[in-house]
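Trainee: Below is one structure. I have some questions about it.
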């Protein structure tokens, strides 16, 4: 019943197999469709309802009014937990999830990003009717 | 005189030995990784590790005895390097050969183990002390089968000199086959000496961090690791010389290549053993050695005695 | 020279055998363990307190981060409790999806455990193989839920993502590979001499002791205690699938290994059944923000045992009290018992055998200002400068290499 | 009569203080409330006579003037009996239950650390889960305790 070295043949087989390790930065950095990575903000769709701010579990997003019907988002990627709740909460689909996960930074200030819309002179293309 | 110095320091002495030892560590790690379906380190990894360690500061714990703590790695390294010059590599003669050299080599190979004990014990850290005690406990388990296994061919050749043992093999070419049990016994015992899994009890990472080596850093740790690497080569060369007498008369170049193959084969066997077993407990290891390995060694001695009594004479 | 008698050695808070910080202080006589003191709490992050200032919706994500390995466990347990309080009828399809993810999580957790157990007994090959195979289930989880851990699939009132037909195909294909591998590991675990020698007879917990010490999960089941919340107090869709509760009579670490490996096979069965009869329909109902006052006890069979959440609502958006009892807390008491008269070498595997998850156990960011005084904090750049200076003093200059690294980072 | 109701009947027959204070809220969940003075006999009865052999968890609650305790027991892993009891905040002294449920040890230490209960008869040992240098008299789970500093 007992058998010392039971794994011998299995390990010897692996001598002739390709290693399972992925050569990370060069290949295998693709994430499946729908992976929850960095969020993408579309300022032209935002109506400033602040629902995302209210639901964010880690206070990572701020929506600031910069002009009439013009909003910018301040996203702190260091605080963001990539749960995607803001995407679910947004009524106008102004926030979208991307599968970008390579966000490591040496400089912590680069983790805070601000997404601004077009300058106020051009009207937002997707004007909401019943905001 | 100058040539002797070249032999000792450069080839096949210290420099060659160090380079070969580091490369053998790479080979061992590569095979280990491939068997585990991993990529493994690049070829310069052990060398880079060595350089990195040498460049780092040596820290001596305040509670440790600085003299023994510093001396232990250096003596260990010296002992294994000294042992190497008495081992014949690709011909029947070594650099310095005399009757009884096989005994001297075996004792020189015991010194590192004792140094690991002394270094670990005088580190005074609790993990080190447990590791040190385990090192010595383990020594009592593998040392006797190792001696019995390695001295069995000497019994056959009726000489305590490796050169003469090899000469005996040239005269009786097929006698190595009778010593296969001794080879297996010596391989297991040497594996225990090198403290590799499943016999890595003295440095069992998940229990006592790094055992006797826990407090070592910088150059001293580099020496300790180098000692283990060189010990592996010296041990493998010794086994190759005593149990695998092939290519002894084929000239230096072919002989040297055959020698490399023999050593790497032994290292390869070690890598496989490291891959397919779980670490034993110290009590299991001692029971294993005394219940299985020592009786095997005795069988080998008995075979050789019978051979000597009946066939040769 | 005095002998190494009556050592008291520290294992942790930082130790190679422990993947998380907990402290074991072990009194030793030679190699024998005389007594063990366990100090928990190094991972206390104040999650229970933090829940009181988060809305139910936010709390789901916070609760999910109690633990990485059993994130679905905690979020499901919490969400079930809130749904019961709010009187929500969760759609059938959602309960099935929760169950499928829950079982996939169990597979991932047990395979992880197998690797850790291998490492603790010095068998790294098993670690490498089982963690490689674990990638299969991790990929499936990433594909279905959008992340490898902290799946974020639970919402109050249902689940956030649906499972598509292609995904079902991928899951079934993955299960085929996993089942093959699991059978192989069962064979290894029951044949390889060194593994059996290291595992059997180690960490004995007799059935009577298991009940007395209230052990849960595989730890209890390996001592012959036939308990499993999935069967005894069914939640999600467990009352609609057939499965066996695996028990074993070895009472030792070997038994716990066997139980976990066989549970893997049961999990594959459950997932296959669930995928075969996945009902059509919506995946979530709308949940109110305010939850009516009340209290509820929610139970869930985590990979490690029974997970309990007590939730008290006060009619506002925020919970009044959330109490979490992770399975490890129940089992850690049994560890002392298991270690009686064992050797130091057995300690890592005995501790690992309950599959401890100390971040679950401790829960509760330490946020209080404790007048730290002047702690000298070196930032990364200062540390780098110090090390460059040190090496230059010793005649080594890595400036060129450093510049190359800088260029690489900037790319 | 379901087995839950049978348990309730048996409890109320033996302890009249539980009349009207014990109810089955859903299958397998019995909730009950009792003053601390009457609590211990009920716990012993539940363990010895009713077969509630698992103490799953002890929850501590801050209810203003009172500190409440929930003892969550379970029988055959299915039916849970949740007994609530309370002591005043000024004098939050309870007796340990480690004599019948050894596993209550950690749970009681947690009550001491996080809610400021005083548990009589708890064996000496390390604290849990707060750090050893945690200030005396600070109990994070009490409602009047506020976080200082930034999260």
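Every residue gets a Cβ built from N, Cα and C, even glycine.
Pulled these from TrEMBL:
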BINDING   C:48, C:324  Mg(2+) binding site
BINDING   C:67, C:70, C:357  Ni(2+) binding site
BINDING   C:70, C:360  Fe cation binding site
DOMAIN    C:121-289  domain 'NADH-quinone oxidoreductase subunit D'
DOMAIN    C:290-363  domain 'NADH-quinone oxidoreductase subunit D'
Trainee: Could you break down the residues of the domain 'NADH-quinone oxidoreductase subunit D' (C:290-363) into DSSP helix, strand and coil, giving a count for each?
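Mentor: Residue counts for the domain 'NADH-quinone oxidoreductase subunit D' (C:290-363) by secondary structure: 27 helix, 26 strand, 21 coil.
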Trainee: When DSSP states are folded down to helix, strand and coil, where does residue C:67 (Ni(2+) binding site) land?
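Mentor: In three-state terms, residue C:67 (Ni(2+) binding site) counts as coil.
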Trainee: Go through C:70, C:357, our binding-site residues, and report the one whose Cβ sees the most other Cβ atoms within 10 Å.
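Mentor: Per the Cβ count within 10 Å, the most buried is C:70.
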Trainee: Out of C:67, C:324, which of the binding-site residues is least crowded by other Cβ atoms within 10 Å?
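Mentor: Least crowded of the binding-site residues C:67, C:324, by Cβ count within 10 Å, is C:324.
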Trainee: Can you give me the average pLDDT across the domain 'NADH-quinone oxidoreductase subunit D' (C:121-289), rounded to a whole number?
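Mentor: Per the prediction, mean pLDDT sits at 89 for the domain 'NADH-quinone oxidoreductase subunit D' (C:121-289).
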Trainee: Please report the number of other Cβ atoms within 10 Å of the Cβ of residue C:48 (Mg(2+) binding site).
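Mentor: The answer is 23 other Cβ atoms.
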Trainee: Do you know offhand how many angstrom separate residue C:324 (Mg(2+) binding site) and residue C:67 (Ni(2+) binding site) by C-alpha?
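Mentor: That separation, Cα to Cα, works out to 12 Å.
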Trainee: Find the one among the binding-site residues C:67, C:70, C:357 whose C-alpha lies closest to that of residue C:48 (Mg(2+) binding site).
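Mentor: Considering only the listed binding-site residues, the nearest one is C:67.
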Trainee: When DSSP states are folded down to helix, strand and coil, where does residue C:48 (Mg(2+) binding site) land?
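Mentor: DSSP assigns residue C:48 (Mg(2+) binding site) to helix.
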Trainee: Filter the binding-site residues C:48, C:67, C:70, C:324, C:357: retain a residue only if its CB is under 8 A from a CB of chain D. Output in sequence order; output 'none' if empty.
Mentor: C:48
